[in-house]
Amino acid sequence: METEKINFLKTYLSLYISHFAVLADMKKADPEMVVLDVRNAPAQVKKNQIKGAVALAAKDLADHLDELDKSKTYVVYDWNAGTTLGKEALLTLLSAGFKAFELAGALEGWKGMNLPIEEI
Amino acid sequence: METEKINFLKTYLSLYISHFAVLADMKKADPEMVVLDVRNAPAQVKKNQIKGAVALAAKDLADHLDELDKSKTYVVYDWNAGTTLGKEALLTLLSAGFKAFELAGALEGWKGMNLPIEEI
Amino acid sequence: METEKINFLKTYLSLYISHFAVLADMKKADPEMVVLDVRNAPAQVKKNQIKGAVALAAKDLADHLDELDKSKTYVVYDWNAGTTLGKEALLTLLSAGFKAFELAGALEGWKGMNLPIEEI
């Protein structure tokens, strides 16, 4: 059972990327990551987003895959970690052959640590 | 590893049902779903619940399976998505041969979207 | 697919321990569990912790495994259930052969139920 738990945890954790990795990439001259805001909400409800994020609602993602760049790594996030939208988007991206991760802690965690956001 | 991630995500997401699906079913003349409030708390602590939900605490669920209807689909929820109670209830229901899902976002998400609740 | 869901839920739930089990152990003359606060934050940010917890940040855990006791059961927790830090710590502990669980609901759930905490 311990092996099963360990394998489960490894796969679970392999879906996520930490804010540290995202912040470090943001500082690069040529960032490898694109942060995707996959919230299914209009801008007036969202009000703000992670600095530099691209808004692409999870419900529209499958129809816009041809606008994405296979050389990039996509980091998806939803409002908080309690929703399944980030994992739905992640499944769509991985199934289409993109490199993708979910942001650990989601937007709520990002804001809780006072990391850079921007008004929209 | 990508296949492993994809399979993990598919199984994970297959446990959940969205509020969209639950709301659509609620509007049917003959709904297929029964929403189960599995919170282990008395009514005066819970104060309100999802409209039309049946209160059946997770700790009591195993003793009341014979009162449930195999022709229905059960949708369980707890206070929020950070607890394990919904998944415990789901395991009990699936193991007993019921069709069952956990409500994505739990009660917190439902209230956050101002979906119908009722006082209890 | 139901078997797959059931196995997934069993493994998922086997990673967690409830506050009931932790509270019951705390009352023993010779507790078997050690509660590990794995938050990556200084004491002035954490302000308080679960009563009797040992602070050992997830980022430092791998370097301090030789200070832990294989006869104990470790219960790790982070701020809330939406982070991945608890699961990272759990993976480190299980991989090193320790008995370990993540506290269901994390610190947020513990405080929400008014369970014993202490200033630090």
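Even glycines carry a Cβ here, placed using N, Cα and C.
Marked as domain 'Rhodanese' by TrEMBL: B:29-119.
Averaged over the domain 'Rhodanese' (B:29-119), the predicted model has a pLDDT of 95.
Residues of the domain 'Rhodanese' (B:29-119) grouped by DSSP class, helix first, strand second and coil last, total 32 helix, 23 strand, 36 coil.
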